[in-house]
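Below is one structure; the comments refer to it alone.
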Ligand SMILES: NC(=O)C1=CN([C@@H]2O[C@H](COP(=O)(O)OP(=O)(O)OC[C@H]3O[C@@H](n4cnc5c(N)ncnc54)[C@H](O)[C@@H]3O)[C@@H](O)[C@H]2O)C=CC1
Ligand SMILES: O=C(O)C1=N[C@H](C(=O)O)C[C@H](O)C1
């Protein structure tokens, strides 16, 4: 479990501990100096080796769960694949090139893995519904809303939603071609003619709305993760299934 000191890592570590079919064999976090998970107040009584340097990790793990940070996840995933460990990656913010590299490495090493921008079933369904709607409504805006400690924006889920929509949407100029921004950035980030807006507020966890507009009508699709427990069903499915494959998938829907 990489990133076990964090919000998602600690939730996922607890999920692994609570699941009788899983065994937590090691934890890793660059922020930690602990030698054992049990030294963390939240995990008292757990005897699991803790590492804080990637190069010093020794483990017989079969699955590497990763909830770290955008600048760490690529090296972590490479480490896992090079050691025959199946990566289950929730960390967002990797470039398309990095993902392609990892997919090639997984194939070469014949190791299964998953990169999922969102393990929540509501988010997976939202992306599928949005893709379906975009065939009929090419005018679309994506609004993602997250807690204010989030590092990357737009969210991995929003980028993934935009990519799925772009696969089916008829490309078009959205809005007035002569529009100006009085304050730069007012119209949000641009992806293939679509706009993505990132909201950061305390009190939020993870939420997304996709708004479609047509002549005289509109459609809004929304999902909410009110609690990080919402991601755990998806992580559990991935941990159970990922060893059955010899390739690195992108998107939880590939394993559902
Ligand atoms: N795929 C999904 O369903 C979800 C993905 N996420 C993503 O998971 C990631 C983590 O999110 P949070 O838990 O909220 O962040 P967080 O900031 O609470 O946790 C990140 C952890 O990674 C550790 N870390 C930093 N650098 C590291 C390194 N080089 N090696 C190992 N550990 C390192 C930090 O010390 C921290 O404990 C983010 O990229 C976020 O977008 C978050 C929620 C759901
Ligand atoms: O940082 C988060 O919290 C989340 N990150 C993921 C993303 O960037 O899409 C998934 C979910 O939205 C929560």
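Including glycine, each Cβ sits where the backbone N, Cα and C put it.
Note that TrEMBL annotation is computational and uncurated.
TrEMBL annotates 3, 4, 5, 6, 7, 8, 90, 91, 92, 116, 117, 118, 119 as NAD(+)-binding residues; of 29, 148, 149, the candidate listed for that same site is 29. Among the recorded positions 146, 150, 156, the ones whose Cα sits within 10 Å of the Cα of residue 118 (NAD(+) binding site) are 156, in sequence order.
Reported as a whole number, the C-alpha separation between residue 7 (NAD(+) binding site) and residue 150 (active site, proton donor) equals 11 Å.
In this structure, 5, 91 are the binding-site residues from 5, 91, 157 whose C-beta falls under 6 Å of some atom of ligand 1. Cα proximity to residue 31 (NADP(+) binding site) (within 10 Å) is found for the following recorded positions from 3, 5, 91, 150, 156, 157: 3, 5. In space, 150 is the closest of the recorded positions 146, 147, 150, 156, 157 to residue 3 (NAD(+) binding site), judged by Cα positions.
The candidate set comprises the recorded positions 5, 150. Of these, 5 has the most other Cβ atoms within 10 Å.
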